[in-house]
Amino acid sequence: MEQVRKEEKDNPLASANLLSKIFFWWLNPLFRIGHKRKLEEDDMYNVLPEDESERLGEELQGYWNREVQQAAKDHRPPRLEKVLVQCYWRSYALIGIYIFIEEVIKVIQPMLLGNIIEYFEKNDRTDTAAVHDAYRYAAGITLSSISLSVLHHLYFYHVQREGMKIRVAMCHMIYRKALCLSSKAFAKTTTGQIVNLLSNDVNKFDEVTLYLHFLWIGPLQAATVILLLMYAIGPSCLAGMAVFFILMPVQTMFGRLFSSLRADTAVLTDDRIRTMNEVIAGIRVIKMYGWEKPFAALVDEVRRMEISKIMKSSYLRGLNMASFFVANKIIVFITVCVYVLTGNQLSASRVFMAVSLYGAVRLTITLFFPFAIEKVSESLISIKRIQNFLLLDEVAPQHLGLPISDKKDCLVKILDLICHWDKMLEAPTLQNVSFTVGPGELLAVIGPVGAGKVRAVYQDADIYLLDDPLSAVDAEVGRHLFEECICGLLRKKPRILVTHQLQYLKAVDQIVVLKQGQMIARGTYSDLQGSGLDFTSLLKDEEGQEEDRKTATPIPGTLSRLPHTLSDNSISSLSSSRCSLIKAPDPNKVVVQPTEEESRSEGNVGLHMYVKYFRAGSNFLVLFILILLNALAHITFVLQDWWLACWASEQKHINVTEPLNGSLPRQLDLDLYLGVYAGLTATSVVFGFLRSLVFFNVLVRAAQTLHNSMFNAILRTSVHFFDINPIGRILNRFSKDIGYLDSLLPWTFVDFIQVFLQVIGVIAVAAIIIPWILVPVAPLLAVFLFLRWYFLQTSRDIKRLESTTRSPVFSHLSSSLQGLSTIRAFKVQQRFQEMFDEYQDLHSEAWFLFLTTSRWFAVRLDGICSIFVSITSFGCIYLRDGLEPGAVGLALSYAVTLTGMFQWGVRQSAEIENMMTSVERVVEYAELESEAPWETEKRPPHDWPEAGSITFDRVNFSYSASERLVLKNLTVVFPSREKVGIVGRTGAGKSSLISALFRLAEPEGRIMIDGFLTSEIGLHTLRQKMSIIPQDPVLFTGTMRKNLDPFRQHTDEDLWNALQEVQMKAVLEDLPNKLETILTESGSNFSVGQRQLVCLARAILRKNRILIIDEATANVDPRTDSLIQQTIRDKFQECTVLTIAHRLNTIIDCDRILVLDAGRIQEYDEPYVLLQNQEGLFYQMVQQTGRAEAASLLHTARQVYMNKKRVADVHCAKDIRVIFETSL
């Protein structure tokens, strides 16, 4: 579990004054730190009390609970959107005041601009009163620009913070719900879906809050602008506004289509992330089976369908953005056409006032209003998905125990218990179960696999529930746990022990025997031993053998390990005054690896990263065409306005000069001006649409390529990578980072390029009209470049911190879902909820800084723009001689657009650089060091290995170059067809030996199978020729057929025969879909034992000459263990079998025993021979099982040895007779 940051830092916003809040001065100290060094988590400010996860979540949860209760009374489904409105409408509505004032100023500004241009249209520009009025109008434009800057950023800061609050509250509720889900509910959802809710769906609240106010601002502003346009140019404006109102439903339709595609995409994303979750969780098994290709095909297929939807939605976005880009051009073109064709003459003041008014309303109507509809549609889809999740069934509320004063001696009493794992199934999981456990009593629950034992465990205060903690530890540690902990420290408590370790049954007070979900026997050991029931077949006859384990001698060096083992398994339960459950140790972790801190690159995202990104999407020719399209689109964009200015100026000249000459009025060549104007408009429209569509195509293809590269790299990297990186961290790259690449980064890139080229156009036009404006522009540019450099030093670190503080949220969610039964058993849901809130608060600290630093930067950029607008406005008036009204109108109308546009474009460039860290993170994983190739030119014969002999020659092994050796100078031969048991303490190197054999990391030295060096052949060639029954039975979501035979290499008859061999055929035949039965996530609709039998069936199907059993029977009952062992003897008689086991009785009849300690071979011989050496490690391990068990093991070893000797003698006698007869 990744730790939450400890050091705290007060948030300076809490004590900032009004001006500091408006201009974000309170952030200056943070920027100074970011300028000096890399920012760390300790530099982040605490979340404000009103932004804390627990406070926000509980508030929203209260509203939701009341809505659920009210809906039940009204006989209607609860509505989550109603709850959100009730909780947040007041605070959100108040923020609307900022945007209202901002939009009013936006409408006033074009009127001031029109008045300045009117001054230039007058013949006498020396009128002092007129000049003073012009200066006043210029001052008004300057002040309006400054006001717009302040109000705009105050609005967006507050709505983004409101969106953050909703997202955080919703995440709190989702996690809280996840902790309460019933088993029935888990059948309807997956880890992938829950991760997707937290990674993608909740982000819609960050987006929808930005634009929601424009749903009412848009129509209001449009109505105001129509009135002003009617005053300026008369009814001709209605033609232009008609285009606006045509575009609105078109863009609304785009929004609906987009939300529909988003809903489809979300389902596919859920599926992909769920599959990824299973692949990452089961990667060790996938690699040892050599199953990378079918899983790659599975993910590729889901991703292909997902990217198809994303591409369609991206094209819609492209059309949407292009329509925004060209809308103003079409509207002005239609307005001008109607205006001049109805007999009016162009006037620069009227035209550019109209252009500015259209510009003021354009952003609202063609961008923000459709965005509002689109985001509301998307949010409703996400709200529906979250609502469905929140309405899933929950487990019954747990009783948290009596007050200390009310506590008495506790007992457990269960009477005629009937319970269902899934009520859709006819047969209950448990039925007719009755027993009582009083204070100081120990009850053992036993039975074969699938009898209903991870499910017969119930709990109350002061009761200890022990879920088979003795299986996956060696005999000495198991004995210590049983005697010192279960029968020692816990002796006064009621204890229920689920176990397969039958050697402990004599020491318990009661035994309950379960079979097929029913209690078939109950009583003491002696009562049940003679009962004649199934109990007797589960036990060995130990009558007359006295169990005295006190004489066992501990092995030197093992006691030092005990405190760690006990702390993992039991000490935490001993400190609890309430119910505890001791789980079996997690068998997944073969070698405990320290979790590495997530990498976080520093400095700029290099140019090479941008090249990699674009090259992933297309070749150089397509990129060249894309650059050309962008350039042509914006050249025609500027030329269209330039032509309009020339037209207006020419019209003024005609109006002024002809009356002075006294000649007949000269008519303007309307066809020429209209024709050129129409051509430029059409060209800008065509290029505008083309470049958007091509741009989106290139960037979405880049996302697809990078995802595939990352996934393939993940599949091909070594297992060490998965040991040191939590699953949540890896999933974060496949969910959040790929989510950025799929949708947000392409949109941001297209938007930035569009704005950047427009800014270049504005400055170029101003410089051509007033060349000296370049003099003040130069220092402004220098200030801008410094600000951007200064800002990005801090911004990059904050964005990277935001990414790395997000990972623990997902890791905590994934680990919580995996260990949910344990969390509930310990009744620590509240603690885990608090930890989740702490992780959320840590992420909120980074996110809050990301929002506020962006606004700090934007306010200052808009300040630069306001200076530029001021210089342009006053400069035009000061240098009024020789300036044309059309040119002035063009320069000023372009300059005022710079105020919002420039800062947006620069912030988008910073946002691109921030989001390019996601590309960087994806590329980092896409370039992971690969394992050896799956196939090589050197291939052994098709029937290799024919004999199955394995040789280790001076083998050293570690999981990475930087880690210590876990196998040291190993030299051993496993002869063909021999059965070898591998034993040793925890950490002795048993599983590492198997890892070396499968080349999960590359060993030093030589490992040969039938004379072939394993290092010279492909990994798939090697791994697919060995079968393994893993320590943890891993099944995957999908059909039983796919779990048995993912390559479809076997017939149905083969599959049924394999299931018959492991006695699973009857289980499958009872299910309606038989081989097509869908396994839930991780195969959780089968018991652990049944899953292990499926793994055995896989091994039978593969028909390989080498079988490895990695503690496969640790968690199964003796009958299933016996079944597995017998099946191995029968089906793998001609195979070389290596068995790792803690339970010595499972390997005592092997041909040889290999004893490992600290990565070295201590002993290697036949079991009986090893037991003759009383100083030997194996002898001491046997003795530690207790006198009775040790005697039984010695007896079995002697019997096997004598049988082999007898057979060998017979063969020897035959050989002698043949030699004798031959000699005769």
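Glycine is treated like the rest: Cβ placed from N, Cα and C.
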- line: Candidate ranges 134-157, 158-181; TrEMBL annotation transmembrane segment resolves to 134-157
- prompt: What range among 98-117, 738-757 does TrEMBL record as transmembrane segment?
  reply: 738-757
Query: Going along the chain, which residues at least six beyond the ends of the transmembrane segment (857-880) come within the CB cut-off of under 8 Å?
result: 23-24, 116, 119-120, 125, 131, 134-135, 137-138, 141-142, 145-146, 148-150, 152-153, 766, 770, 772-773, 776-777, 780, 783-784, 787-788, 791, 795, 888, 891-892, 895-896, 898-900, 902-904, 906-907, 910
Message: For the domain 'ABC transporter' (302-541), report the average pLDDT of the model, please.
response: 75
Field: Interface present between the transmembrane segment (674-700) and the transmembrane segment (353-373) (three or more C-beta pairs under 8 A)
entry: no
Same-chain residue ranges lying at least 6 outside the transmembrane segment (210-233) that approach it to Cβ under 8 Å: 92, 95-96, 99-100, 103, 106-107, 110-111, 114, 156, 159-160, 163, 240-241, 244, 335, 339, 344, 350-351, 353-354, 357-358, 360-361, 364-365, 368-369, 371-373, 375-376
Task: Using a Cβ-Cβ cut-off of under 8 Å, list the residues of the same chain that are 6+ residues beyond the ends of the transmembrane segment (620-639) and lie near it.
output: 325, 329, 614, 680, 683-684, 687-688, 690-691, 694-695, 698, 753, 757-758, 760-761, 764-765
